[in-house]
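What Swiss-Prot lists as Zn(2+) binding site is 182, 183, 186, 198, and the listing cites sequence analysis. If you look up Swiss-Prot, you'll see 1-15 marked as transit peptide.
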């Protein structure tokens, strides 16, 4: 066992279980290997990864079953200890979500819009979106409200980490797409990025996707809420669960082509129920 742990500690996969660097701020993981380990080591690691013949896509880190098991266990413990370790949440989703990702991929293949997304592989990044145009859209449009969500919560789509541990190129894209539409779900559900908002979104996503990471977050996230927020959660969770069951697969919507659509209209098309009113 000690030999195995030494091997894993030296492997690229084990790097993700190191403590977060001081660059983590505002509830989103903002660190990278260059900040933690030095630019030279990052360049060497990236070059070695690209030269690995078993890599299936640019950020792929191949892992065997034992490595995946240890990564899953380690990331689960760290994610439960600190839910704002979004790097650990990401690793947990990738190492435990193979079955759910295949089901999501199959749903996308059966839907014309979902199939188009799989074929065209759009990305939601600062480099692919014109945020100034989104900010200038009329109030109530999906694009305007998404831009407002990002501005109010001081986040950007680039804070979403690239997929690394999914051993299938198409499933890796499905995982990346889920990750990049997460903030769009916040916008459509009207939820902020605080712990209450994240738990509500996780309940919706758990029902929608079946990803173990979402189920874990939905189940254990409430443990960090105070009594006042638990009362609000008692109203919001049934709505989130019902909306998740009622909604079509949220990955089957080409959101980049719907910025001008009203939030109310898009919610209705997807099947998301109107959010309940919560007393302050």
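Just so it is clear, glycine is given a Cβ too, placed from its N, Cα and C backbone atoms.
When the neighbouring Cβ atoms lying within 10 Å are counted for each of the binding-site residues (182, 186), the highest count belongs to 186. Cβ-based neighbour count (10 Å, all protein chains) for residue 183 (Zn(2+) binding site) stands at 21.
The number of other CB atoms found within 10 A of the CB of residue 198 (Zn(2+) binding site), across every protein chain shown, is 23.
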